[in-house]
Amino acid sequence: MAIITTNSDYFAHRYEVIIPFVVSTICSIVGIIGNGFITVIYGTEWVRSKRLPTGENLMLMLSFSRLLLQIWMMVEITYSLLFPIIYNHNAMYKLFKAISVFLNYCNLWFAAWLNVFYCLKIVNLAHPLFLLMKQKIIGLMPRLLSLSVLVSFSLSSFFSKDILNVYVNTSVPIPSSNSTKMKYIFMINVLSLAFLYYMGIFLPLFMFIMAATLLITSLKRHTLHMENSTTGSRDSSMEAHVGAIKSTSHSLILYIINALALFISMSNILGAYSVWNSLCNIIMTAYPAGQSVHLILRNPGLRRAWRRFQHHVHLYLKR
């Protein structure tokens, strides 16, 4: 069993608190506005019509989970930087990490199902299993989403056990002084942490990769068909393939970066209050913010709604 024990002094310089806190707060505000906007748009439509198409329902679930994730990370970073005594209490520390992992798992699952749904919608494949999934996916999606939340909760609950522990030593003497200082001692079971964490993200990441592979294969086949046809020009199907591939690749790359940052932050292998850990916190807050901006920019309906929102805000400020 590999254990990492980290002795961490609280901040030696004020800028080590201010700079990460300001940058993370800005990213969090952008993410809360972006994901909150998407949630309100689709949530209002759901309340008005009592139901949503499967794609829009997935967008609502994904944006709402990212909104919760963004708010929770903002709270966690605020406590870790400004209220370290409360945050580094062992039970509180485990609670923060377990909820962060749960929301990250849900976020990845919802994003994976969204990409799988659009893959099934766009790709034409004659395989019997693929055709069966294409027919059944709309009816099965509510159960799949519920199962994903249950799996995420079950796996994240293990992070409240003895994988992560933090202790406080208040009797560390200060040289040339009669006083003592406080040190936080983080004991991390890295093997258990890595196993549980990557077990939780393996299946949805595999779904991401499979969806991207099928889209690329289908696009290649469609391109060859168009080259052999009389026109040889891009059509709506090719545009849909290219757009879906770009979106899936964008989401996959950003999530892998975010997943690595979250693991490094949780394991404290670079120091609990180091510059690198602060960088990981910034990446984790920037990820859902960037994803919300990406969704708004690539979705025509959300772009129009955002322009209307900006117009109303502009008129309100001119009063």
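Just so you know, glycine gets a Cβ as well, placed from its N, Cα and C.
For Asn169 (among others), the entry in Swiss-Prot reads N-linked glycosylation site.
Annotated N-linked glycosylation site per Swiss-Prot: Asn178 (among others), in sequence order.
Annotated topological domain 'Extracellular' per Swiss-Prot: 1-17 (among others), in sequence order. Per-residue pLDDT, averaged across the topological domain 'Extracellular' (1-17), gives 53.
In the topological domain 'Cytoplasmic' (39-66), helix, strand and coil residues by DSSP number 24 helix, 0 strand, 4 coil. Taken from Swiss-Prot, the feature topological domain 'Cytoplasmic' applies to 39-66 (among others).
What Swiss-Prot records for 88-97 (among others) is topological domain 'Extracellular', and it gives sequence analysis as the kind of evidence.
The annotation topological domain 'Cytoplasmic' is assigned in Swiss-Prot to 119-136 (among others) on the grounds of sequence analysis.
Per Swiss-Prot, the feature topological domain 'Extracellular' maps to 158-189 (among others).
Summarising the annotation, Swiss-Prot assigns topological domain 'Cytoplasmic' to 211-251 (among others) and lists sequence analysis as the type of evidence.
Here Swiss-Prot flags 273-281 (among others) as topological domain 'Extracellular', drawing on sequence analysis.
According to Swiss-Prot, the topological domain 'Cytoplasmic' annotation covers 303-319 (among others).
Under the heading transmembrane segment, Swiss-Prot lists 18-38 (among others), citing sequence analysis as support. Listed as Cβ neighbours of the transmembrane segment (18-38) (distance under 8 Å, sequence separation of 6 or more from its ends, same chain) are residues 59-60, 63-64, 66-67, 70-71, 73-74, 77-78, 81-82, 278, 281-282, 285-286, 288-289, 292-293, 295-296, 302, 305-306, 309.
The transmembrane segment annotation in Swiss-Prot covers 67-87 (among others), and the record cites sequence analysis as its basis.
Non-local neighbours of the transmembrane segment (98-118) in the same chain are 54-55, 58-59, 61-62, 65-66, 68-69, 72-73, 76, 137, 141, 144-145, 148-149, 151-153, 155-157, 159-160, 197, 200-201, 204-205, 207-208, 210-212, 244, 247-248, 251, 255, 258-259, 262, 266, 288, 291; each lies 6+ residues outside the stretch with a CB under 8 Å from one of its CB atoms. Positions annotated as transmembrane segment by Swiss-Prot: 98-118 (among others).
According to Swiss-Prot, the transmembrane segment annotation covers 137-157 (among others), on the basis of sequence analysis. Packing against the transmembrane segment (137-157) from elsewhere in the chain are residues 54, 57-58, 61, 98-99, 101-102, 105-106, 109-110, 113, 116-117, 120, 196, 199-200, 204: each is 6 or more residues past its ends and has a CB under 8 Å from a CB in it.
According to Swiss-Prot, the transmembrane segment annotation covers 190-210 (among others), on the basis of sequence analysis.
Positions annotated as transmembrane segment by Swiss-Prot: 252-272 (among others). Below 8 angstroms of C-beta separation, residues 4, 6, 8, 97, 100-101, 104, 108, 111, 164, 184, 186, 188, 190, 193-194, 197-198, 201, 205, 208-209, 212, 279-281, 283-284, 287, 290-291 of the same chain, each at least six residues beyond the ends of the transmembrane segment (252-272), sit close to that stretch.
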Residue numbers, six or more beyond the limits of the topological domain 'Cytoplasmic' (39-66), whose CB comes under 8 Å of its CB atoms: 31, 103, 106-107, 110-111, 113-114, 117-118, 121, 137-138, 141, 145, 288, 291-292, 295, 299, 301-302, 305
Spatial neighbours of the topological domain 'Cytoplasmic' (303-319) far in sequence, C-beta under 8 Å, 6+ residues away: 37, 41, 296-297
